[in-house]
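Taken straight from TrEMBL:
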type     : residues : note
SIGNAL   : 1-20     : signal peptide
DOMAIN   : 511-522  : domain 'EGF-like'
TRANSMEM : 595-614  : transmembrane segment
TRANSMEM : 621-640  : transmembrane segment
TRANSMEM : 646-668  : transmembrane segment
TRANSMEM : 680-702  : transmembrane segment
TRANSMEM : 708-727  : transmembrane segment
Amino acid sequence: MEMCFLRALLFVALSAWILADDGQVTFVSELSSKPAQKLSKYGWYGNVRLQRFHIPEETAIARWLFSVTKGNNFNCGKHNVTIHIQYGAPPVINPTGKVFPNATLWSPPLSLILPVTSQSSTTFNLSNPAPGDWFVGAHLPEHDGRIEQKGFPSCSYLFQPQLSIRRAVDTPIMQQGTFLQQTAAPDTPARLKLYVPEFASSLSVSVSDCSSGEAADDGNCSLVLRLGSTSLQQRPVTVNCSGIGCSATLSNPPWDTWLRVVVESSLGNRTVTFSIVSNYTVGCKPKSVGLKVDDDINKLRSKSNLTNSTSADNDTVVTDAVAPSNDSASLLTPLLASACVWSIPILYEELDVLSMRFTPANGPNVSVTDTHPTLLTYPLHTQATGGTLNLQLTLNTTNITVANSSSVVACLSPWAPVLDLNHSQPCRTALFGGYGVRVNVSDPKAVVRLPFPQSATWYLTLQLTCNSSDCGNASLVSVVPEVFISACVEDCGTYGECRLLRSYSYLYATCDCKTGWSGWGCTDGSSAQSYGRQLTATLLLTLSNLAFLPATVVAVKRCFIPEASVYLFTMFFSTFYHACDQPGVAVMCIMDYDALQYCDFLGSICSIWVTILCMARIKDIFKYTLFMLGALLIAMSMQLDRKGLWNLLGPVICAILLMVTTWVYRGVRRRHCYPPSWRRWVLFLIPGAVCALVGVCLYIFAETEDNYYYTHSLWHILVASCVVFLLPPKEKNREALGWNRGWTWSWRPQVCGYTLCQNDKDELYTVT
């Protein structure tokens, strides 16, 4: 009911929104909603519930509705839900304040805090949002370390984001050098757009001939000119106009894209009429390569041959990669006098999921001069934003002498390059920031890692700079730019695993750290476990299973051979499962982890099943039939849901009901409490039940990630101890090594061809 009310409220707000047309452009509304997802406490990035929304071109306003609903009636108290919003890629977050790996750069996203009791909602409005993919992630506060058993009732919160947008469908287009007459009012701004071509070095938009229709205000624009869109990290360029006009100029505007222009009036309730015009300058273009593609085909063939020869001779390939490329130097020579930028063709190779490589088509070495910049282009699509963008720049000094005062300056930027690199020029374009690095003789290698890079075309600009005006003989150097997409930062190092996650059709990767290590790349060892603690945990969890040896001995001594074999099976696989399950370096796996886990869970449930059936004291033919039938059903349920709560409760409840039924039947028939001996109750049944109850309470309520290794070890000991207490005594009609019904394994002496008599009377109801 509450969710329906929120949707109705959103519909009414949108209806009023749509009816408020500004009279200049036509707006249409679009709605999108994502299914509700259960939130988790934050322990690593896999606990974040990630959703992706697409905002189309020419969107004027975007409004998100975030709803959080309590999933049950538990008194969970008040919790804060953190919501992160990021444009172009999933948000990179650090709610626990951990250390990032070296050379890893990131920008914090917009974060909202939503207090939740039973149901809460909030809205977030964004004017002139950047078109493309927007990502929303949500999570609960930091995990307290308590291990929650699957299927056991607990607090749950459901998060559902919804998006509504208002999009213009007939936005006027500004042409180069063509004036447009427009009007703007305080509540109805003028909206326009213009196309910025590739290799545009500057863009200017001018407003003139302002008139408000009032004689007193003629010649006073009182307009606000905005260029660009809002992407939370970047804001539009804003100019306050006064007088009869104004202009805004962008150096290094975004290439090959539509740029939004919004003009707002700040003059009371009056409408302002004005003229607007745009002009862009293409200051530098590379030399045209023509229409022949034969050279490119030959490069692809040579690249394929080089890849095939890698497996045959890796040393040769590495040597060739380090040597300077003569082809690159020869291609550069005729361009020195005429070209102002050298654009290097890039080969794009998709190797695997979130694994891509960008290599220069002319070879790994790239020539860099001090006269003009070298430009490399890397298109990054949406499916690559779930990984890490890596840049490794290496100065090649093998055959080229580089002066100590010389250095190669590089700038990696999205949407547009920085073509004028010098000591004072920042690595930043008109609307977006970049990442600058520098290599020289003393520091020949530089590394930049960008987790979850923005979906855009990235540009790497290289140029040689010197302290003096002339670099002298060292005016040409060679560098090796290695740009590639990897799933995780350095594959999460020694103390983590790179996990591939999915949000519907979108794939992204993150590190799952172990043994107390944390951080984006599992490099923060502030709370890491020592080797001694890891070894102690492994020994406790494995050696505690030896507590099943007394249970096995007691079962064999009392002639419960099938039960003893089940206990041995459980002890063996539980020991080696926990030896393989450890997150640190003290690990030993004798077979596949999944097989060990399956056998451990199966043996544990079967041990409880056969023990309770043994206590029921039913005839052997029925007992062993139930043994087999129960084992098959338990194996099936383990395959369906291995960690489900009812996989344990189902067999236990069924076995206890059967045991209680047989005990009640015997007690009624004998008119005496069963078992009849008070010693059996006081010394065996009650202590066994207490051990089982304490073990279950520890298993369900007390286990945390910090105390797991000794609480779970205590669980092993308590379960094995309760088996020793609860196993019934030996039946009087059983032999030491077998049963007298069905088979005879014992030797019987004969006298004159006759077998000595043996009492086969059934004594099912005798308990000592």
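Here, residue 1 is simply the first one shown, and the rest follow in order.
Note: Cβ is positioned from N, Cα and C throughout, glycine not excepted.
Between the transmembrane segment (595-614) and the transmembrane segment (680-702), fewer than three CB pairs separated by 6 or more residues in sequence fall under 8 Å, so the two stretches do not touch. Computed over the domain 'EGF-like' (511-522), the whole-number mean pLDDT of the model equals 91.
Proximity of distant same-chain residues to the transmembrane segment (708-727), defined by a Cβ-Cβ separation under 8 Å and at least 6 residues beyond the stretch ends, is recorded for 147, 536-537, 540-541, 544-545, 547-548, 550-551, 554-555, 558, 560, 563, 567, 574, 604, 607-608, 611-612, 614-615, 684-685, 687-689, 691-692, 694-695, 698-699, 702.
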